[in-house]
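Swiss-Prot annotations:
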type: REGION; residues: 1-23; note: region 'Disordered'
type: COMPBIAS; residues: 1-10; note: compositional bias 'Basic and acidic residues'
type: DOMAIN; residues: 31-271; note: domain 'Helicase ATP-binding'
type: BINDING; residues: G44, A45, T46, G47, T48, G49, K50, T51; note: ATP binding site
type: MOTIF; residues: 97-120; note: motif 'Beta-hairpin'
type: DOMAIN; residues: 435-601; note: domain 'Helicase C-terminal'
type: DOMAIN; residues: 627-662; note: domain 'UVR'
Amino acid sequence: MIDKRDDKPFKLKSKYKPSGDQPQAIESLVDNIEGGEKAQILLGATGTGKTYTMSQVISKVNKPTLVIAHNKTLAGQLYGEFKEFFPDNAVEYFVSYYDYYQPEAYVPSSDTYIEKDSSVNDEIDKLRHSATSSLLERNDVIVVASVSCIYGLGSPKEYADSAVSLRPGQEISRDTLLNQLVDIQFERNDIDFQRGCFRVRGDVVEVFPASRDEHAFRVEFFGDEIDRICEIESLTGKTIGEVDHLVLFPATHFVTNDEHMEQSIAKIQAELAEQLQLFESEGKLLEAQRLRQRTEYDIEMLREMGYTSGVENYSRHMDGRSPGEPPYTLLDFFPEDFLIMIDESHMTMGQIKGMYNGDQARKQMLVDYGFRLPSALDNRPLRREEFESHVHQIVYVSATPGEYEMSQTNTIIEQIIRPTGLLDPEIDVRPSMGQIDDLLGEINQRVARDERTFITTLTKKMAEDLTDYLKEMGVKVKYMHSDIKTLERTEIIRDLRLGVFDVLIGINLLREGIDVPEVSLVAILDADKEGFLRNERGLIQTIGRAARNVDGHVIMYADKMTDSMQRAIDETARRREIQIAYNKAHGIVPQTIKKDIRGLISISKTSHNDISKEEMDYESMSRGERKEAINALQKQMQEAAELLDFELAAQMRDLILELKLMD
């Protein structure tokens, strides 16, 4: 295994000081962790600074920490915030590295085999390698991940044992180093020097680690001894400085040595023979022929190249696991005494629970029809109970914790006071009879004060009809439906904040990135229709959308008071009472949050003049104009990727492809 660097403490850098009930929450969380408490809940109201509290806890308990979010967008936002809080420590990002992913599948009803098709994002792949190498080299590591962290990753022991350790003065021939690099899946490329490659110039070997994007390393030999090792700029070759120790981790997470590979191949062949015998005994000759052809090809590739497309489907044999045994995941790269924080746990824990079943249903079909060996079923995400077995200490973070989290612990730390002094909004319940005219009057009041309104409906038809009616009444309104992609969605939020329109209508306004301080009214139609968006948790989340404005107000239109409505109203009133008392005791006057508009939407536009599909008539452009548009979009795509807004970058990429097809 790799010798870790000397322990370096987490050092939090921030211009803010804990305020409101953050100090109490931080102290309680830290005391409980240091006291050995396994699970606890940080129940933080919207806008109370939960991420800052999490950062304070990490800096004080000083443990390697895994922060899990329920999608890439949220993970990217958290990654950016933690990078700012901990500039001197290793803050890493680990999400699925696919821009596009079509899993391998088979549909028996139409005899359709769908081959795996994917597009790997090179930047995210680099960040994944950076995360695993940091975990093996140091302890001051925060990894912000999506639920993809519970998917199979390869053995951390094999990954670490395969690493190549180099020092000046070390006796090793140049050719031996080259062979070692090939063994850990580095490719020789003397022309196109990129991640996961090396090039050779006489007695000089330059290596580009899989975890880097700008800096590579030059290893200079004198005979069969390393003379010196330098860090260099990958593009220019300019020397940055000398290093006294270089560890090169494998270029792929699925790696094994030659001896282990032969053992793995023998196991694959034995399983193949067993499955072929089963198919033939059942008269499934087509399935047997299909399985033999595919598996023997993969075996040949593994033997000759040490790798094959879909190698993860043989991970059980390569890792030496028993049938049904859980795969190695990112969690196995952490030391035993690490901390897990689950952001928006009411969403994330549900995802963790659901991943396994969906994966197994698809793969079982591939096994039954001879596309994969049964061992492919063990290349899978963890079950929830297997995830739980990795938990040493965990903090669930949510404004509305789910039933699962509540069943895991009685330790609940509340964070209700906002640093800005803002209160949870007042709530009115009004009858549905005449609700549209009543709502129109409320909207006009907000428009007169240059404030915005959210309206949430239960059906697409209701949202569309209401949008049409309000437009007829002269209201500037837009409807945000599920088909709207990231680029358009961020454009809509930006326009709402700028006052291009005043009212936003949607079915699910709980998604990330739509906390708008200018919104002073949230109207909930059909509030008495129980369901996912009208249960206590959904209502509290929706109510929170009005908690960023000092004049925040919520109107529920309903003909009866449901239990969910009553509990949401009671909980909001309880929090509001606590907040009022705190403000009064400390002489705090609530203030609307001031939030930079561009910061809200990342970089969907770098300026008003940037190019988007909605605004430009590309078909009427000349070829030269389209070429200019493509260049501008490529620049925006790179900027999006650098800021980790990969969904937006993918949108830009798709638009660029469309434009290229026009020529």
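All residue numbers here begin at 1 and follow the chain in the order shown.
Keep in mind that glycine also has a Cβ here, set from the backbone N, Cα and C atoms.
A quick note: this is a predicted structure, and the numbers were derived from the prediction, not measured.
Same-chain neighbours of the ATP site beyond G44, A45, T46, G47, T48, G49, K50, T51, judged by a C-beta within 8 angstroms of the site's C-beta center, are, in sequence order, T53, A399, Q415, R418. A simple way to gauge crowding: the CB of G44 (ATP binding site) has 23 other CB atoms within 10 angstroms, across all the protein chains here. Cβ neighbour count for K50 (ATP binding site) (all protein chains, 10 Å cutoff from its Cβ): 22. The DSSP secondary structure for G44 (ATP binding site) is strand.
Within 10 Å of the C-beta of T46 (ATP binding site) we count 19 further C-beta atoms, all protein chains included. The Cβ neighbour count for T51 (ATP binding site), using a 10 Å radius over every protein chain in view, is 17.
Of the listed binding-site residues, namely A45, G47, T48, G49, the sparsest Cβ surroundings within 10 Å are found at G47.
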